[in-house]
Amino acid sequence: MRTVLIYLFLLGCLFLRGETGCIMRGLCQKHTEDAYGPCVTNDTNVEPTVFDKSNPAYDKLMEFCPHMLTGDNKLCCTPSQAEGLTKQIAQARHILGRCPSCFDNFAKLWCEFTCSPNQQDFVSITKMKPIEKKEGFTPEYQPSEAYVNTVEYRLSTDFAYGMFESCKDVTFGGQPALRVMCTSTPCTLVNWLDFIGTQNLDLNIPISTKFILYDPAKTTQADHSMFMNVNFTGCDKSARPGWPACSKSECNKEEYAKLINLDDGKTSGQSCNVHGIGCLNIFVMLAFIGSLAVLLCVGFVFTSYEEDYTNVRQSQIGEESPKRNRIKRTGAWIHNFMENNARDIGMMAGRNPKSHFFTGCAILIICLPGMIYHKESTNVVDMWSSPRSRARQEETVFNANFGRPQRYQQIMLLSHREFQTAGKLYGPVFHKDIFEELFDILNAIKNISTQDNDGRTITLDDVCYRPMGPGYDCLIMSPTNYFQGLKENLEIKSAKEETVSDEDDAFDYFSSEGTTDEWMNHMAACIDQPMSQKTKSGLSCFGTYGGPSAPNMVFGRNSTNYQAANSVMMTILVTQRTEPEIQKAELWEKEFIKFAKEYRERSPKVTFSFMAERSIPDEIEKDAKDEIVTVVIALAFLIGYVTFSLGRYFVCENQLWSILVHSRIILGMLSVIINLLSSFCSWGVFSMFGIHPVKNALVVQFFVVTLLGVCRTFMVVKYYAQQRVSMPYMSPDQCPEIVGIVMAGTMPAMFSSSLGCAFSFFIGGFTDLPAIRTFCLYAGLAVLIDVVLHCTIFLALFVWDTQRELNGKPEFFLPYKINDLLGAYLVGRQRATDTFMTQFFHFQFAPFLMHRTTRIVTGIIFVASFIATVILSSKIGVGFDQSMAFTEKSYISTHFRYLDKYFDVGPPVFFTVDGELDWHKPEVQNKFCTLPGCSDTSFGNIMNYAVGHTDQTYLSGEMYNWIDSYLEWINRKSPCCKVYVHDPNTFCSTNRNKSYLNDQACRSCMDYDDVANSYPKNSIMYHRPSIDVFYRHLKHFLEDTPNMECAFGGRASFKDAISFTSRGRIQASQFMTFHKKLSIGNSSDFIKAMENARMVSRRLERSIDDTAHVFAYSKIFPFYEQYSTIMPILTTQLFITVVGVFGIICVTLGIDVKGAACAVICQVSNYFHIVAFMYLLDIPVNALSATNLVMSSGILIEFSVNVLKGYASSLRWRAKERAEGTVGSIGPIILSGPVITMAGSTMFLSGAHLQIITVYFFKLFLVTILSSAVHALIILPILLAFGGSRGHSSSETSTNENDEQNDRNPTAETLELTVEVGVNRPTHLDTSHLLDPLLKNTENEIDKAIDIITIDRSYPSTPSSLPCTSRLPRAHIEADLRSL
């Protein structure tokens, strides 16, 4: 019957309105200690009562609801109601307090609802319940028989939307404040009102409130009393006297964006361009085309007319200018000087090879002992970043002040089950057995143990990170935190004190929507509100480490919400402050990896992936060892090809062993060993000086040094083979002269190319990129040592091997000897050049290439391709895909793929303020804080703006601002900072045992700040601590752990954020936030994140008037900093190399300006062609590809110098003919030697499992070799044919004017004479060979020997483009033989 009367009364009160009256008063139903249901007044017009000013609640009500106490102080709320109201509003201040106007509007909303004397006009009770007796609690309003359960609250749209507009841009922790007070994203007014009106006893909301909006413009004036319509305060206005207006950052985002203006124009994305093409690329193209035009014009003038070049000169004044004559004579002198000295060195070696051999051995003895100091850098950071780089220097400052950031260990479980059809959590991962497995994994990890070298046991407890201090558990970010790490909590039962039916709760925020498992209800509540201290299930969402677990850090998703998660993540943080801690951490991580590998093999329910901090270096080393077989096979092919391709193999006198007479197996093998020793010597020299290479750089160095060494070996051996054709007979006693001729023809080019290569490499050594720097330094010195060893040890070996061959002795069977030396020599003389490649180049390729049409078409294609490559190269990206460092089957590759696909958390970034500031001064604090009264352009406001504009800054997530938290913590009205009344110098923590000491024993810290208390209350100095109080309690703040009473304790978030000086002042501090999700496979994300973070740091530094240095630091920056400068560095090195190579080639080849210019054009073109191919093959620019670019310069120099040397020494007159002869003679040597050697060996690398090998050491290295060969053997000869130099006809050429006269009249006779003079045969042949039995026979024997020469005339005439070579007429050969 009582219930019926209650409902009849409720029905009547819906239609009765009065001027004043209360329908709720007092507290009648206790739900929790902080949640009480209000009493129903049982009367529609209960008069409000005067609020007692002497009651302590009056002051609190005056603080939050001053507009309610301006008249007769008659209110509808009791002091106990006012106490609960102000307590709830105070909690909202933590979230909305950054904008005083917003907070004031929010306070007005609930002050009017609870205490307004006109309450009955706009509040109606729609559901009430009988009062249930609770032990120890007595209802305040005795006539009441029911308490309010659901009400209707009518608001004017003016106030509702005004309140929402003042709050919608307010931030909390770097995120919109309403995001934590809303039911969905983005937050709207309706969603916000739904959230704050939903009954939630865990949030101390005792009743359900349905908000109904009325538009005053659509209602009559008489009806305006039906809805609450107090004046709201706009965000740009001051809510109360003495209160500041909201800052622009919390109010007007558009104007604030203009005020902040983060972009300072220094990011790499802004550059000069014309129609999308960079200005630098346009400059390169114009300069290149201009150089080609000049060269082609010169070539056209000097080569296009029928008249000889000499006739053109004679048609002018009749003689050369003195300046030109001096230049030519100087070039001829250099040319002759180098050839003569090379000849002398060769003849000395021929006479006394032992002296050269032991000289080279002495060099080895000096250099190789340094290998005992050799060590490779295995630190991943040292491989990719220089200690002198900005990121490393900032890392050093950061670590010195705050210690190293924690080490990460991660485990991920991926479920492949179907989505669930019922419940709020419907993702494939939300199955009880999966979470049971997750708890099993967690417990197993906690039990992992290992031992150090001293036998001490190391467990997770010994190495883990505890942000809340020793009394708390390890920080393990995992969904298990929602259950406090206890598996039995999955069996949780509902702990609700009352059951609210679906009809009663119009919007149940924690409704399971059909899910019956209580553990899922609890997890759903924690996903929605991670900061919840207690859900309806009776459990907290906080982990045992003392903090929450953000859903984006523990759940992976492939949709838009975490309720559909398909994976879970467990992240364990391990400390590494000191070296002993690092060693213990690495030992524990080793056992962790072992456990994870074993568990992955027996995980049937889910896909299991993991990684540890040490996983990357461990896997790199493991994979490198696994690829040893592939590298060994490639090296075996290299050695085998060089060994067998240097010699010729044919049988003489029907003796099988004679096939080894003309072989060069031992010489080829030893030449490769010499290349290896050159690398070892370079390592030894630099190791003695403490310059150590990065890991695996030595393998690359050996390849490139071997390539260059093979080129020299082939040039020497093949040049000797061509000399055999040009000379009628070579006696063993003529070995010194023979070796001298070979050295005169090859050593100058060897010297010039070595200088050019070394210069190119040493220029690369000036970069700060460790991988490039060490490779270039080591390779540059190895090239120089290699040429020295070639002129000593290899030369001695070549002499001995040549003597063996001339004596007719086979390799490995020295006791045997050919009887018919002359016959064998003559047959070998023919076979020396009678090869397919020689025939092809001499008779087919060279004439075709030098055909006028071919040259024109090739030139056009060359210019067009160059322009295209410049454009393509401008589009190439920089960076390195981390997954390429591992095999596809590696567990790290799998983990990286899953991280990229499912998780959207970026790495943390720390904005560090380095410098001692007066932090105790309010003017300094205002430059950093974000509280009301702080500067609109303060450090904190700018960071909040940056975090809120993720697309521009790549920053996201919460921003940790210690000065904000500290000022809130020490605030006079804060419950956090208190001291004991009996001892004001002793801190009274909110974490104390209150059963022994109540709140009356402690008072606010600011109450005992005499300096602050001396200022007026409306002064900022009154609200800010003085210098002594500031620094005294700052350390208390950093040790205070947050709790329900005080959420601002700094122990968890800021313990390591401040570095103190010895005087107790702040030396440095850091403000942490996060990057947005960065794709591991896309380096540009990381590069842009770093550049944008630095852009923000520059703006932050300006915000504090440059009084301290501000920099952004993240663990990823040292790895990606190089990419912001690598392109300018490579471009600069290219142009320096071009200038240096031009000078070296020009001088060492006898002032050959035009030849050097052609070589430089090829250098530039080759660079851009390789970069363009990198773009087409999707290979970004990084340390590995940059190394290939540096190598390409050295390789092309080696090829080009040999071509230029052959061209300059050619005896032919016209440029086209000399170029054709050069291609015919040098082409087969380069192609059959270094090109096939290295291209063939790299083909074996295509079978490697590591992508880094297949991409950078197969594809890119192959492109480098082929592009260099094309430029050296096709482009360079064509350029020379148009305008190359005419060189020096022979080493014997005189520099006097009589010789010049011969040059001006090249008649047929003089040309023939020149050919004869050009043969560098010894003028005095040793007659000791007359003792040879082969030559003691009659005239018929000599005729027989002459006839042998004429047996086969199919082999080509000897190319005359190499110095000191020519094809002798048969009459000369016959005369020479008969003279014997």
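Keep in mind that glycine also has a Cβ here, set from the backbone N, Cα and C atoms.
Keep in mind the model is a prediction, meaning the values are calculated, not measured.
Marked as signal peptide by TrEMBL: 1-20.
Marked as transmembrane segment by TrEMBL: 357-374 (among others). Long-range contacts of the transmembrane segment (357-374) within the same chain, counting only residues at least 6 positions beyond its ends with a Cβ under 8 Å from a Cβ of the stretch, are 677, 680-688, 690, 692, 785, 788-789, 792-794, 796-797.
Marked as domain 'SSD' by TrEMBL: 627-800.
Residues or ranges marked as transmembrane segment by TrEMBL: 628-651 (among others).
Outside the transmembrane segment (663-686), and at least 6 residues removed from its termini, the chain residues within Cβ reach (under 8 Å) are 363-364, 367-371, 373-374, 638-639, 642-649, 692-693, 698, 701-702, 705-706, 709-710, 713, 717, 777-779, 781-783, 785-786, 789-790, 793-794, 797-798, 801, 810-812. The transmembrane segment annotation in TrEMBL covers 663-686 (among others).
Same-chain residues lying 6 or more positions outside the transmembrane segment (698-717) and placing a CB less than 8 Å from one of its CB atoms are 376, 631, 638, 642, 646, 664, 667-668, 671-672, 674-676, 678-679, 682-683, 742, 746, 749-750, 753-754, 757, 775, 778-779, 782-783, 786-787, 790, 794, 798, 1187, 1191, 1194-1195, 1198-1199, 1202, 1229-1230, 1232-1234, 1237-1238, 1241, 1257, 1261, 1265. Sequence annotations record features per position, and here TrEMBL assigns transmembrane segment to 698-717 (among others).
Beyond its flanks by at least six residues, the transmembrane segment (738-763) meets 335, 338-340, 342-347, 349-350, 708, 711-712, 715-716, 719-720, 723, 727, 730, 776-777, 779-781, 783-784, 786-787, 790-791, 795, 798-799, 802, 1133, 1136-1137, 1140-1141, 1144-1145, 1148-1149, 1190, 1193-1194, 1197-1198, 1200-1202, 1204-1205, 1209, 1291, 1320, 1362-1365 of its own chain at Cβ-Cβ distances under 8 Å. As annotated by TrEMBL, transmembrane segment applies to 738-763 (among others).
Residues or ranges marked as transmembrane segment by TrEMBL: 775-800 (among others).
The annotation transmembrane segment is assigned in TrEMBL to 856-874 (among others).
Marked as transmembrane segment by TrEMBL: 1126-1149 (among others). Only residues 6 or more beyond the boundaries of the transmembrane segment (1126-1149), in the same chain, are considered here, and those with a CB under 8 A from a CB of the stretch are 280, 334-335, 338, 748, 751-752, 755-756, 759-760, 763-764, 766-767, 769, 878, 1155-1157, 1159-1160, 1163-1164, 1167, 1181-1183, 1186, 1189-1190, 1193, 1197, 1200-1201, 1204-1205, 1208.
Feature annotation from TrEMBL assigns transmembrane segment to 1156-1177 (among others). Within its own chain, the transmembrane segment (1156-1177) is flanked in space by residues 284, 288, 291-292, 295, 862, 865-866, 868-870, 872-873, 875-876, 1134, 1137-1138, 1141-1143, 1145-1146, 1149, 1185, 1188-1189, 1192-1193, 1196-1197, 1200-1201, 1204, 1255, 1259-1260, 1263-1264, 1267-1268, 1271-1272, 1275-1276, 1279-1280, 1283-1284, which lie at least six positions past its ends and keep a Cβ under 8 Å from the stretch.
Positions annotated as transmembrane segment by TrEMBL: 1189-1208 (among others). Long-range neighbours of the transmembrane segment (1189-1208) within the same chain, counting only residues 6 or more positions beyond its ends whose Cβ lies under 8 Å from a Cβ of the stretch, are 335, 700, 704, 707-708, 711-712, 715, 748-749, 752-753, 756-757, 760-761, 764, 772, 775-776, 779, 783, 1130, 1133-1134, 1137, 1141, 1145, 1149-1150, 1152, 1155-1156, 1158-1159, 1162-1163, 1166-1167, 1170-1171, 1218-1219, 1221-1222, 1225-1226, 1229-1230, 1234, 1261, 1264-1265, 1267-1269, 1271-1273, 1276-1277, 1280, 1284-1285, 1287-1288, 1361-1363.
Among the features that TrEMBL reports, transmembrane segment is placed at 1229-1250 (among others). Remote same-chain partners of the transmembrane segment (1229-1250), defined as residues 6 or more beyond its termini with a Cβ less than 8 Å from a stretch Cβ, comprise 623-624, 626-627, 630-631, 633-635, 637-638, 641-642, 645, 703, 706-708, 710-711, 713-715, 718-719, 835, 837, 841, 884-889, 1195, 1198-1199, 1202-1203, 1257-1258, 1261-1262, 1265-1266, 1269, 1272-1273.
Nonlocal intrachain contacts for the transmembrane segment (1256-1282), taken as residues 6+ away from its ends with a CB within less than 8 angstroms of a stretch CB, comprise 295-296, 299-300, 303, 700, 703, 707, 849-850, 855, 858-859, 862, 1155, 1158-1159, 1161-1162, 1165-1166, 1169-1170, 1173-1174, 1177, 1179, 1184-1185, 1188-1189, 1191-1192, 1195-1196, 1199-1200, 1203-1204, 1207, 1215-1216, 1218-1220, 1222-1223, 1226-1227, 1230-1231, 1234-1235, 1238-1239, 1242-1243, 1245-1246, 1248. Among the features that TrEMBL reports, transmembrane segment is placed at 1256-1282 (among others).
Residues 658-660, 662-665, 667-669, 671-672, 699, 706, 710, 713-714, 717, 721, 827-828, 831-832, 1232-1233, 1236-1238, 1240-1242, 1244-1245, 1247-1248, 1253 of the same chain lie 6+ residues outside the transmembrane segment (628-651) yet bring a C-beta within less than 8 angstroms of a C-beta in it.
Mean pLDDT for the domain 'SSD' (627-800) in this predicted model: 83.
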